[in-house]
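Visitor: The disulfide bond feature in Swiss-Prot is assigned to Cys129-Cys144. The domain 'C-type lectin' annotation in Swiss-Prot covers 31-153 and rests on sequence analysis. Annotation comment: Swiss-Prot describes Asn110 as N-linked glycosylation site, evidence class sequence analysis. Feature annotation from Swiss-Prot assigns signal peptide to 1-21; the stated evidence is sequence analysis. Sequence annotations record features per position, and here Swiss-Prot assigns topological domain 'Extracellular' to 22-169 based on sequence analysis. Look at Swiss-Prot and you will find 191-231 tagged as topological domain 'Cytoplasmic', backed by sequence analysis. The transmembrane segment annotation in Swiss-Prot covers 170-190.
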Amino acid sequence: MSAAVVATLPTLLLLLGLAAADCPSSSWVQFQSNCYIFLQTTVKIENIEDVRNQCTDSASGADMISIHNEEENAFILETFKKRWKAQDDILLGMFYDTDDESFKWYDKSNMTFNKWKNSEESQDLIDTCGFLQPKSGIWKKGNCEVSSVEGALCKAAVSYEKKYLPDHHILITALVIASTTILTITGAVVWFLYKRNLTSGLTNTAYTTAPQLPYNDDCILVDAEENEYVA
């Protein structure tokens, strides 16, 4: 039975590992199906791509922040209050597309939500970036040509396995696979022992000595002589 348990450990550890691997590392914070991190280092930049590189280099599939609803914006604001520290406005992962005159997210997700200040007036938006005010959660427009930023706010989607296979499903799957493997290996061991004992029994039977006659050669000779004398 111990061999069966050992045999299931790699599968069990792999599945439980998936359950623990919500985000790229413990430095990231998960909200719904995404992970977030604020890389709090002052970065001298020439353009927004330098900030974006901080995110794309931090984890596979990561990019600058995109925000799609009030709940996500509130989560970002709350996390800045409790965990992240920032005084300056934070660059959002958006750019102004002059072809269709609209803002777009760098991660190519749809622009379905905004939190612009009510006082924002239409203006020449070429080289305009979006900024998040970490204390209010309000967005504002500003020139992309900034010499430095306080940090990079990054976002990465939770892996497919975690997004579509929740923790309790992973645990149940792990237990089912482990139990099935243990039963299979145990059954194989029992069958092997049964076959070995059966083969051993047949071998012993084949080598059993033949039954001896009730008389040995000397007795037969004496009986023959007595019969001859009587005759």
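Using N, Cα and C of the backbone, Cβ positions are placed for all residues, glycine too.
Tell me what's around each of these sites.
Guide: Sequence-distant contacts (6 or more apart, same chain, Cβ under 8 Å) of Cys129 (disulfide bond) comprise Ile48, Leu91, Leu92, Met94, Phe95, Tyr96, Lys141, Gly142, Asn143, Cys144. In three-state terms derived from DSSP, Cys129 (disulfide bond) belongs to an extended strand segment.
Model confidence over the domain 'C-type lectin' (31-153) stands at 89, taken as the mean pLDDT rounded to a whole number.
In sequence order, His68 constitute the residues six or more apart from Asn110 (N-linked glycosylation site) in its chain with CB-CB distances below 8 Å.
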Visitor: Using DSSP, how many residues of the topological domain 'Extracellular' (22-169) fall into helix, strand and coil, respectively?
Guide: 30 helix, 42 strand, 76 coil
Visitor: Across all the protein chains here, work out how many other Cβ atoms are within 10 Å of the Cβ of Cys144 (disulfide bond).
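Guide: Cys144 (disulfide bond) is surrounded by 19 other Cβ atoms within 10 Å.
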